[in-house]
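K.L.:
Annotation comment: TrEMBL describes CYS192-CYS202, CYS211-CYS220 as disulfide bond. The domain 'EGF-like' annotation in TrEMBL covers 188-221. Among the features that TrEMBL reports, transmembrane segment is placed at 88-108.
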Amino acid sequence: MHISGVSFDRHTPKHGNLQLHITHHCRGYFREFFRPSPLFTFLELFSVTQTWRLPPLSSCRFSLYVISEETFSFNWLLAFREKLTCSWSLIATVASLVTLVSIVHMFLFPSVPSFDYFGYKQVKDSCIPINETINVEKKHILPLNATFPADLHKAVVYRGAPWKAEIGQWLSACSSVATTIKVLEPISGKKCEDGCSGQGICNHELGQCRCFHGFSGEKCSERLELSCNYPATEELPYGRWVVSICSTHCDTTRAMCFCGEGTKYPNRPVAESCGFQMILPSEPGGPKDVDWSKSDHENIFTTNGSLPGWCNVDPVEAYDLKVKFKEECDCKYDGLFGRFCETPVLSTCINQCSGQGHCRGGFCQCENGWYGVDCSIPSVHSSIQDWPQWLRPAQVTVPDNEQVTGSIVGLQAVVEKKRPLIYVYDLPPDFNSILLEGRHFKLECVNRIYDQDNATIWTEQLYGSQIAMYESMLASPHRTLNGEEADYYFVPVLDSCIITRADDAPHLSMEEHRGLRSSFTLDFYKKAHDHIVEQYPYWNRSSGKDHIWSFSWDEGACYAPKEIWNSMMLVHWGNTNSKHNHSTTAYWADNWDQVPSDKRGNHSCFDPEKDLVIPAWKRPDVTSLTLKLWDRPREERKTLFYFNGNLGPAYERGRPEATYSMGIRQKLAEEFGSAPNKNGQLGKQHAEDVIVIAHPSESYHEDLASSVFCGVMPGDGWSGRMEDSILQGCIPVVIQDGIFLPWENVLNYESFAVRLGEDEIPNLVNILRGFNETEIEFRLANVKKIWQRYLYRGSILLEAERQKSAFGHINDWAEKLSELSDDDDVFTTFIQILHYKLYNDPWRRQQTNMKNETGIPRECLLKV
């Protein structure tokens, strides 16, 4: 390569730079490597515009924009020389020319940005022997040593969110330019013995049966007897109390109580106190009690309309008030709707069985050729045209018929995907489906049920986030069936359902755990760990560090078994135990202090280096969406600070425990309470624009949206106040020492929230009044940008698609969500964090077997 000509020309005044043209000859392929910088378009430096195929001795053109003598130095040229397989003579010539032009440039344009704002573009083989064959692809790379602008609080913005600087920089430089890779997706076809006897679903990957509730064995041929009652005694003929206690007919496949044969409505539930005599209060207005030793058959089985019946009560007559009915009876079980369970409706299943199966009470009964907890995994017996979106488009290689000597047991599908890739274990149903099918109260642990028209009813269950995250993961394009190619492994144990079921029936063996639901649930996680270690090869490769577990309950992963603590925990309670180093719950059965150390080990509840706090479930509120409360401007937010929630024993119907909220809410109320407590007293520093109240507000969301700052404090463990604040556009004021909130270890909270120490509560209002309007507007604007990252928008729209496909209509909540800008939500944020951690977690960097195909530039694999 040699210099054949040099020319200088003045660039446009708008850009204000000199342009150096170097014309040279080279052979073979040449890549021109210039395009506008992502930060300053007036300095176009080292980025690809196109690739040219040039004949020998053709003329190629370099365009170098001179910046300044000190930043455009010979040291830079040395680095550049390493990227070009060209002669030193060329570099020396370029250096001389650059120095000359730099001197001229300093006189003409002395003020220009520092070169620190820019990175370099890796360029290979710009001079290649003509006879070599090489495939040069066009790529746009933002290298890691580019400096990305930070806000006043040192956050780097990526896709509208203020991230901690190192994370935001990597995502901006690397995740933003990630490309697809080709993944081999195995389509399995192993058969199960006797087709699981028609009482289960075959996992075609392992060739194992997943048995319905009440059945077990390798072929699901063994019928279980799951009693509703503990053994009878002389004093308690139906045994001691348990949620499923039954004086009528017990369905022993599910441990549920029904009216039974011989009644007009045999499938009508007789749940809990419904089947037993009531003890009337001793004084007017007092609460009723239940006599668990005496059945109430005379009433619930009666056909006399003047008695409070149940099992033979006609719903039409009851609604017309022509007959009496027992008010303690209720329609609790899933799959039935109406005051008298008169209407069969859809039950809640994971992803509603993906359109490839029938939901039976919570367990997906898949169609032939499909399997998995949501019937989303195709086997070789499925129709390719019905494959889910996360397996499309696929190139499938089918074995030659002449070479097939028996049934096809496996195919390979080539699918283009982006990392990170997540393998979701198809666990035995004890850990998920059976927990859904066997729950005794339809609203427990789910984010939705269905009404008489099979329209979606979203629940207020904060624990519904576990279902939402699980469903999103199963339907995500980041999901893979190829465990060998996966970056992460998700272990779907639904602890939100386990804990609510712990007292449901004697067969759940709570007595073995001394009544501790925390210990009982720990045991479930341990069994899931043992299963995947025994059945799969993936755990031991990293000692579980690339595995993900979900803990939804009040204090998060405090009760995780020691065997799985290396893994990532998804929680709502980010307690590092740096200050609050013991169980804070008021529920004795959930107290993890009582769990033996030989089971739990000695870990904290949360490790910010590996774990994530994810938002709680919040239903889509049509009113808030319609009014766009998150977008309410500053001038309409008249209240300085707002908090509405349980304030403890000093208030009517307040929690009686002094330890509730670790005393934080109580301290706030003592200082700023704006409604009288039991003694008629207001807070010591009561102010008109500071609202701290205990009684529920009918305009709660409107009140939040009318405030500048909103309080975020714990309840009995975590609460949903952070999500309430963000979703209504209010700046969160976090008061809980040593406890992380959703995304707090990855997003830069100083850019959109305020965190105060617990001992700063008396000075709270003074601190808030100290923020100037510029800072307030700045944080409000950031809340407005990130609010969807605290909403399970993707999961909600998955349900909208299912409803539209099944019934052909769109609900109002779906219509309002569809009108929103397509910003990143909870699950999208989760994937972005996984992508960052995939290449930046220290234990990953120590590995020598980094995936060959990553889809990101090589610079992003190197430690900065």
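Each Cβ is built from the backbone N, Cα and C atoms, and glycine gets one as well.
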K.L.:
In Å, rounded, how far does the Cα of CYS220 (disulfide bond) sit from the Cα of CYS202 (disulfide bond)?
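P.N.:
Here the two Cα atoms lie 10 Å apart.
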K.L.:
Please report the distance from the Cα of CYS211 (disulfide bond) to the Cα of CYS202 (disulfide bond), rounded to the nearest angstrom.
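P.N.:
Each residue's Cα considered, CYS211 (disulfide bond) and CYS202 (disulfide bond) end up 9 Å apart.
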K.L.:
Please list residues from the chain of CYS192 (disulfide bond) whose Cβ is under 8 angstroms from its Cβ, counting only those at least six apart in sequence.
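P.N.:
Once residues fewer than 6 apart are set aside, CYS192 (disulfide bond) is near GLY200, CYS202, ASN203, HIS204, GLY207, GLN208, CYS209, LYS219.
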K.L.:
Could you give me the DSSP helix, strand and coil counts for the domain 'EGF-like' (188-221)?
P.N.:
6 helix, 11 strand, 17 coil
K.L.:
Can you tell me the mean pLDDT for the domain 'EGF-like' (188-221)?
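P.N.:
Its mean pLDDT is 95.
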